[in-house]
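Colleague: Annotations per TrEMBL:
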TRANSMEM  9-38  transmembrane segment
TRANSMEM  50-68  transmembrane segment
TRANSMEM  80-100  transmembrane segment
TRANSMEM  106-125  transmembrane segment
TRANSMEM  146-175  transmembrane segment
TRANSMEM  181-205  transmembrane segment
TRANSMEM  212-233  transmembrane segment
TRANSMEM  239-256  transmembrane segment
Amino acid sequence: MIPIQAELLVVLIVISLVAGIGCTTTGAGGIFVTISLYVFTSLTSTEVAGTAHIVFIAVGIVGTVGFTRSGELLGTDGRVLAAILSGASILGSVTGSYLNPFISRRLFSVLLGLLTVVIGSALLYGQIRGLPSIVTLDARSTGGRLGFGAVGLLLGLSSGLVGIGGPIIAVPALVTLGVPMLLALGVAQVQAIFISGFAAGGYFLQDAVSPFFATVTTVPTVVGAIGGWVLAHRVDPDHLELVLSAVLVPVGLYLIV
């Protein structure tokens, strides 16, 4: 007997498919997997985060292969950025995964909701007013490496704590630091492997991963991610990002209240 109603299982699969498309077109997609696991299943907050990170590992691998094939990760900038962000995010993700059991399910909902509202608002603002580069960092300079390293650490911590994918924060953060959109998407996929890999390891040691829900969400999310990579090179992702941001804000408010 499956641990979820058939109707909710279908909803979970559909949301995962759409989330996968968002992961590789704008970076904003994985959070919908986390939210759907929280809302539609009886998993604890720790199990939600642990299971979601299994999904993000698979999506990160698919995205990395795709953006390597299309050339974004073959240049020096791509390799350097991926190495800095991935290395720095490891410490943050492991720390976040071990802090998660100390927060209640209600606090988890509030934290996830707040982060969802902030991300949705930032994406929406970026679409309405434009997302300018606040400062341009050179990943090959000492200052640039320190700056990107700090970003990686914060991304890893937040992702490990509440079980969201790194790209949803990494992509807009990198764009505001002067990184081109497609390069930011590619680098974020590499980082996601390390963030979610180490975070999932921490949750696995706590026996906080659901094999069933990891499977039924990973497969459609990966399929969506492949389609999203194709779309990212053929259409303007701004329209999809606008829709995603408009959905994130009310969903986040729902989780808070």
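Backbone N, Cα and C define each Cβ position, glycine as well.
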Colleague: Using a threshold of three or more Cβ pairs below 8 Å, and leaving out pairs closer than 6 in sequence, do the transmembrane segment (106-125) and the transmembrane segment (212-233) count as in contact?
Modeller: no
Colleague: Applying the under-8 angstroms CB criterion, which one of 9-38, 50-68, 146-175, 239-256 scores highest with the transmembrane segment (181-205)?
Modeller: 50-68
Colleague: How about the transmembrane segment (9-38) and the transmembrane segment (80-100): at least 3 CB pairs under 8 Å, pairs 6 or more apart in sequence, or not?
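Modeller: As far as Cβ distances go (cut-off 8 Å, pairs 6 or more apart), the transmembrane segment (9-38) and the transmembrane segment (80-100) do not touch.
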Colleague: Under 8 Å between C-beta atoms and at least six residues away from its ends: which parts of the chain pack against the transmembrane segment (146-175)?
Modeller: 23, 26-31, 33-34, 48-53, 56, 59, 63, 81, 84-97, 99-100, 103, 108, 111-112, 115, 119, 122-123, 126, 131, 133, 137, 139, 181, 183-185, 187-189, 191-192, 195-196, 198-199, 202
